[in-house]
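Read through the structure below, which is laid out as structure tokens, and then see the notes.
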Amino acid sequence: MSDSGPQLDSMGSLTMKSQLQITVISAKLKENKKNWFGPSPYVEVTVDGQSKKTEKCNNTNSPKWKQPLTVIVTPTSKLCFRVWSHQTLKSDVLLGTAGLDIYETLKSNNMKLEEVVMTLQLVGDKEPTETMGDLSVCLDGLQVEAEVVTNGETSCSESTTQNDDGCRTRDDTRVSTNGSEDPEVAASGENKRANGNNSPSLSNGGFKPSRPPRPSRPPPPTPRRPASVNGSPSTNSDSDGSSTGSLPPTNTNVNTSTSEGATSGLIIPLTISGGSGPRPLNTVSQAPLPPGWEQRVDQHGRVYYVDHVEKRTTWDRPEPLPPGWERRVDNMGRIYYVDHFTRTTTWQRPTLESVRNYEQWQLQRSQLQGAMQQFNQRFIYGNQDLFATSQNKEFDPLGPLPPGWEKRTDSNGRVYFVNHNTRITQWEDPRSQGQLNEKPLPEGWEMRFTVDGIPYFVDHNRRATTYIDPRTGKSALDNGPQIAYVRDFKAKVQYFRFWCQQLAMPQHIKITVTRKTLFEDSFQQIMSFSPQDLRRRLWVIFPGEEGLDYGGVAREWFFLLSHEVLNPMYCLFEYAGKDNYCLQINPASYINPDHLKYFRFIGRFIAMALFHGKFIDTGFSLPFYKRILNKPVGLKDLESIDPEFYNSLIWVKENNIEECGLEMYFSVDKEILGEIKSHDLKPNGGNILVTEENKEEYIRMVAEWRLSRGVEEQTQAFFEGFNEILPQQYLQYFDAKELEVLLCGMQEIDLNDWQRHAIYRHYTRTSKQIMWFWQFVKEIDNEKRMRLLQFVTGTCRLPVGGFADLMGSNGPQKFCIEKVGKENWLPRSHTCFNRLDLPPYKSYEQLKEKLLFAIEETEGFGQE
């Protein structure tokens, strides 16, 4: 009994806490050839449940931080260093780990850690024998008296056995997610040290902190559920020092007196007297605990909480339920929670923070849907104006049909052509068919187009150009229908598809992406293929889904990926205006150090959409389409981007600025991320005054600057990727609005056109299920119609010709409704064939419920 006092005093000295400053200097990491851009490493330091992180260094294998981190340690603590690589769109990757024993480091440095620089070897997480690099750190601010070492080595060796593997493995059963011990493990270890016979005798005050400790300690993580929480958990108080460790004992004599240091909020070394429990920490007054909860203190002085209702413990202080929530118990004794506002239930206990985050997510989702709906409406008028000419029956831009040909319309409203000379019919227009099936040019010849769309021919052998076609000997200037042909939009599309077929490569490529990391997976795969491979047929695979890609999966991939890459939240693009939800390049995209690589990737992706005839979810501004077409932008293009700035330039153009006394110079200011910079429109423009004579030049230059300010590098990177897949000259006979429709499709859903061009299998137009279906389509709003269209066809965009020109895996494929299944089945879709499997429901309400559930909740491919 006489030896117990000194032993406990010695352990109190060894468990006394002090600050340690760790300066993470630099690292030398092993290169990974699979990572093109290099890792973005940062260091996480964990010790005794604490976790501190450094800033990240972008794209380097030799990072330098020189960042100080302060932690609370004891002489028996063990530091764990983890080097992570930050990932933008997925979880961070662990590059290597290293451990450091403070006790051994103190012994090797004369019990003082004052600016001690150490180089630690990083090892792999899965293979500890693999060297991943070196990490340099500096330790400072810790000092221990020498008598602690001479008298306390045995206690140190015993007490440090708790965390020997805490750094080598991430799933240690005795260490929680951030390194803190469970309450039962801590209690068991403390009893062994306090009551064991091998505890050495130490003098008081052996461990002295060289710096004042921190005023508070971060809360420990949630422990495992204890074996018993009814009342005070049972503990074994035998003389051999064993303990059950189910929970920290609560029937011990706890000294609740506070010293002068405790009142100031400092951490006090634990004083154990006669086997009694530790002194609890002086906690700040908080809100009362919910009913059924109790606050306790374990033998390390750590506060934990007991839920007597659910019979569990946790380190986190419980919060009361948010307003409107109620806790209930079902017939099997399971606890669930009821939200009386939304009339929903959940197994997970809600918190104020989780409810607030959910409400914020709902608000952002509704705002995004509203923005997209406004964007969709923007294209309705444009399409009507675009096709006004093609709907004029008195004017045919292709000219008259060849002799012996006749144009007819079938019962479904589709146009076909009759050749009375050979008595055959065909869908293709003979005027465009002959132009698409021309003979190949001689070797060394190339056909190009002027700005007006007139074809001319380049003889690379003699380095000459001519309008005369070397195949026919006729001049392209004399071919009137050819010029009219390139001015008709539908014919332009056919001609463009013809050239895409000429550039296409045989076979196909597989693109495997997951929905959770769609952006990053698509970026890695598209940039890993050569441009020629990306011209092959695309075979998109979503792992875990049974869909076979006959065109429908690729359509959804383009739709989903375009929604991701063009999201303004990534700071690569921004909305063109407050009320204009078209996109343009964000001048502040440089805050992402890899933004030029992403713009090259987006250029490839947009060109792939045009090349493969797929649609994207979001469109660009008209000036950006002009840049794709290599057409100049001017003052008129500024009106759709910045109306206020446009009106001010119009005022300058129409008024005498000299009479108004305006002092303007050939210099403008721009603000990016709060920083204002001056830009000269011409050399020494800050000293050149704008006058009536040169204001036209000023207006032209300032309009060009406004449309291209700060995005020159991004635009160049975009076109580098774009031209690798599809050279821009193949688009030069389109205008900006036509290119917009070609890339995004038509936005207006014509119900009459939809119903007129639908076909049925095992149903008829008069079947009650079909009549109910069209009644349902008429009742829902425009947004749900688009979702229904996306559910069946894979995209909410329509081709140029509307529902009559819907394409499937085998060519033209109309919207089809087939009678399949039983009345208790959900509708299924076959996006590759534009087919909806509609079971024979018994009532309209049942059909409406099943269809709404299908289009709202279904995601992925599970079709045959």
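Placement of Cβ uses the backbone N, Cα and C atoms for every residue, glycine included.
Checking the candidates SER62, SER232 against Swiss-Prot, the annotation phosphoserine falls on SER232.
The phosphoserine entry in Swiss-Prot, when matched to the candidates SER199, SER530, corresponds to SER199. Of all ranges given (535-544, 575-584, 595-604, 795-804), Swiss-Prot attaches the label region 'MAP kinase docking site' to 535-544. In the predicted model, the domain 'WW 3' (399-432) shows an average pLDDT of 77. Secondary structure by DSSP for the domain 'C2' (1-115): 18 helix, 52 strand, 45 coil.
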